[in-house]
Each structure stands twice: as C-alpha cells, then as structure tokens.
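Novice: This is the structure I have questions about; it appears just below.
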C-alpha cells in the first residue's frame, strides 16, 4: 500500500530560509499556499493573530528567498504578522505551542531564534531598529542588509516618521517594506505597476516617478484614476514627489503583495542596485486566502480557537460581563447625562470598549491612530478647554505617552481621566503587553489620583467618580477579561477620594489589596481562618492618595500587614512603605510584606499560569501571611514555574 501523499510537499523540504534559494517561482508560490494552510490549521487550535499573518505569506516567502537571514536582518513591526516567518525559520514543529506556557512567542523574540533580529509587540519601532543595525554594519559589525517590515497603520505613528527622517539624513543602505493592507489595486493598475517596475529595473530609481507620470497621461480615464489612487497615499509633495522621496528614500511601488514573481523580482533588483535607503510599497490583503477572514470586518485579526470550516470562534460562555464592556457601557451612560464628556483612543476603539460610545455619540469619540503621545496631550488640551476627556489606553501602551502625562497633564493639574485597560498580566500576549508598570509610573506624580477596580461593580463606581473629578488628573486601572459576577449597581456612586473599605474583620493578619486581586486575598483569608489565623481583608481602592487612616488602623490592630497588587515593585506597596517610614510606624514591631510582580518579565501563558509563576495565587498569599504572622511555624512557599 502506498503512503498518503503529503499535503505540504514544498514546506516539508524547508528546514530554514536557505532551502528557498533554489526554488522556482512556481515552487515558491506553492510553498506560500502550504504555509497559509498551515497557519490556519495552527491558529485554529491555539488562537492568535490570524489575519495579519495570512496577509504577508507571499511577502515573507519572497523576503526569505531573496535575503539571507539571519545575516540579513528582517525586522517585523509589531510582530502580529510573524507566523509565516517562524514557520520558515525552523520553528514549524513547535507552532502548536504558539502563545502557550513554555511554547514559542506570538511575537518575534531575540532569545527564541537568531532569525528574530529584534523583538516586537508594540508598533512603529522597526525602522529605528533597522537603521541601528545599518549603522552597526557601517561601523564594522557583522550585519548584512537590514529590512524593516511595517504596516500602513504603524507607519502613521510619530516614531516611524522620526526614524524615516533620520534614515534619509544618514543615507544608510536599508530597506523599508511598507505593508499596505488597506488598499485594493484593480488588475489594470497591477499590470501598470508591473510595467513601471520593469522600467525601474532598467533605469535609475529617480526615473520611476517621471515614467509613471508619463504613462498615466496616456491611460484610459478609469485606469488612470486607479493608478493615481494607488500612489495617492504617498504622493503629496510639491512637484509630485512622494513623502518618502522628500525624506531621502528611493520609492518603489505599489507592488502586488500576492504576486510572487513580481515580489521576488522587485526585491532582487532593488537589493542589487540600492546604495541608500529604499522604501518598497507592497499592497496586501489582510486575511488573504481564508474566506472567513477576508469576509470578517476585522479580518480575524486576533482570534481564539475556531472552526476551520466556518471561522466561528470557540469562546467559552462568560460567567460575568468583562471589564472592558462594563467600562464602555457605563461611560456611554455618563456621556448621555453630561455633554462635556468626550473619549479618546489610540487606534483601539473596540479593544478599549469605546466603540460602544462611538456608536451612540460618534462626534464625541476620537480615534487618533497609533499616537499615544498626541492622544495624551490632545486630551489635556480638551481638559483645558473645559471638556471632560476620558483617555482609554492599554496599560502597556500608557508607557508610550509618559512624558506627556508628566509634563502636559500632571504638571498643569489638568483633569484628564486616564482609563487603563489590561492592567496586570494579560496572558498569551506575554511580556510585551503586560500591564505591570502603570502604578509605579503614575503613583509618584504630584496631582494624580490613582484608583484600581477590585471587581466590575467597583469599576462602575469608579467611572462615575472619574466623571465627577474635576480637580486634577485621575487614573483608573482594571484587568482584561470577565469580572467576578458580583451584583451590579443600577448606577455607580461617587466614591470618597482616598478612602478604602474593609471586606472582612480579623485580629492577627491584615491583607491590604489594591485592585482585582482582592478575590485572591479573600480566598487566602478563608484558608488562614481555617488554620486559626484571624484575618482582615481590606480593599484600598486608591493608591494615591492613600487611605492613611485605614493603614494606621491595620498596623495598630494586627501583628502582620501584607500589601497585594497586580503590578511591579515601586507601586502600591512601596507607597504604603513610604508612608509607614515617614510616620515612624516601621519601628512598631509589625511584620510587613509587599506582594508584587517579581523583578523580571514574565513570558506568555494563561493569566492563571502567569500569576502562579509570579507567586501571587491565594496559596502564595496564605503562605506569605502565615510566615509573617507566625514565623516559627514551618511554611513551604512554592512559586510555580
């Protein structure tokens, strides 16, 4: 009996990028189809970023066929689109561990493979990194060509333009691939561009634009208009030069990002002839080749496990509303009551829940694109004008606007409402998206009020509190995922600033929790009570200002005080310690422990796995409290790896 033929005969021959060098265009095209099928099969079982990776399959194959990774440095912006790159660089056998604990990352990661030249996760960093590699080569380091692959969304960020400007000034040989997946090129335009690129291969780069303009003059009206539209995004300078040419780049394109022959030939010729910085404008279709993705509004950008035939995602039935939706709904309700409320997001209206308000009040919700620096100061300006701006950002992206928070918001004491989504550990996106540092950054800023929601009902109260707070900037952090299933108020209440609440009363150990780990504190208290340790659990609610009356009471009435938070060192626990040191209460003989995230970056896994590794489970809290209150009692403290 003969063996069943492989469904991936071309991919089976690939152990690394070198295996692509001898393949024909037909073989490379077939390889791309097999890679695309493999990505769909893998992500259907693991979840992940599907649409972006499907859109760059041909481009990735062509890049590895032309360039020589890892000597040549392929630098993927954001990294959502790196799955075909990982498959072709020796990690195919591990793809089913994608984003799982102990498995491969969903982003490029230097420690994972020499083919991952530069780590990613946040946007608009690739051109800067590629230029750094190029300068390293010029100064004698063993670096080949450097290639930044950046999307049409990421290139709108200020950092990308700063890098383009510097690269054009230095004239270093490097390549920027603009992956434009928001433009459709009709077949005649594709044919035109094939002809224009033929001219480019026969003449200096500078002749390309003039040739394009000359040809366009003689095309039929609809085709001529299509050709001009294809260049419209980048052609806006006096004299018809592209923005990139004005910045010092040679510009090639648009190129059909799904035509293997055109891609390979363009890359080969450009690589052979370039002496300075070159931008190649490649047009792709996000979700290409998988009908459910191409038909979805978001092109199945980020997905959970799904059915391959239908594309339907296999999501578990939630036990409680998720925090993001609660925020979006309650903010929309407040906006209906107060016309001064506006909202700002940096390219994440759905991810932050602002799409709910956007549907009802479209003129009062502003998506500024990938521009957190601008978003912060834009919100500050609106606050200065008398509006009530709610700026919703993921915790890990708050970092990108920190100087503006210091200089434009806190220093001027402007009432910007900073809504910090994805606070704490977020799971499969791993270290690049962990919300670990926002409290450490904000709690030390004069004028700022910093809150954290312990559950979804508290989130309701805190949204209302933020809306009513006009005396300065206020931040509210809350985690990813569903809430605890608590009873929800019809409308939130305005909380007293700087006042916490006591959840359970005890006499021996006090656990002072800040944020959504309150549930773990309450579980730990039950364990401690079962062992005869009388335990108080309090919800601080505020990190700045601290509830000093509550802290005094906990110190006076207990042998041990444990602070608990879902953030890095230097946050809530540090603020409590500073207060105790300042008031001389560290000399009272109490055992004091701070429980924070460890001093390291935590790799991807489920949130439960990550918090276990971090030593922040209910068992860890119980062990820490027991060791502090009764040091003579033998306690085994286990941090799960």
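Using N, Cα and C of the backbone, Cβ positions are placed for all residues, glycine too.
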Novice: Going by Swiss-Prot, 80, 121, 122, 123, 153, 154, 290, 372 bind thiamine diphosphate; tell me which of 181, 319, 322 is listed for that site too.
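Specialist: Of the residues offered, the record points to 181.
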Novice: Largest pairwise Cα distance, Å, within the listed thiamine diphosphate binders 80, 121, 122, 123, 153, 154, 181, 290, 372?
Specialist: 33
Novice: State the count of C-beta atoms found within 10 angstroms of the C-beta of residue 122 (thiamine diphosphate binding site), not counting that atom itself.
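Specialist: Within a 10 Å radius of the Cβ of residue 122 (thiamine diphosphate binding site) lie 22 other Cβ atoms.
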Novice: Determine the Cβ neighbour count for residue 152 (Mg(2+) binding site): the number of other Cβ atoms within 10 Å of its Cβ.
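Specialist: Within a 10 Å radius of the Cβ of residue 152 (Mg(2+) binding site) lie 16 other Cβ atoms.
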Novice: Where residue 372 (thiamine diphosphate binding site) and residue 152 (Mg(2+) binding site) are concerned, what is their Cα separation in Å, rounded?
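Specialist: Between the Cα atoms of residue 372 (thiamine diphosphate binding site) and residue 152 (Mg(2+) binding site), the distance comes to 17 Å.
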Novice: At the Cα level, what's the spacing in Å between residue 122 (thiamine diphosphate binding site) and residue 152 (Mg(2+) binding site), rounded?
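Specialist: Given the Cα positions, residue 122 (thiamine diphosphate binding site) is 14 Å from residue 152 (Mg(2+) binding site).
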Novice: If one measures from the C-alpha of residue 80 (thiamine diphosphate binding site) to the C-alpha of residue 152 (Mg(2+) binding site), what distance in angstrom results, rounded to a whole number?
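Specialist: Roughly 14 Å, rounded to the nearest whole number.
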Novice: Within 10 angstroms of the C-beta of residue 181 (thiamine diphosphate binding site), what count of other C-beta atoms is obtained when all protein chains are considered?
Specialist: 22
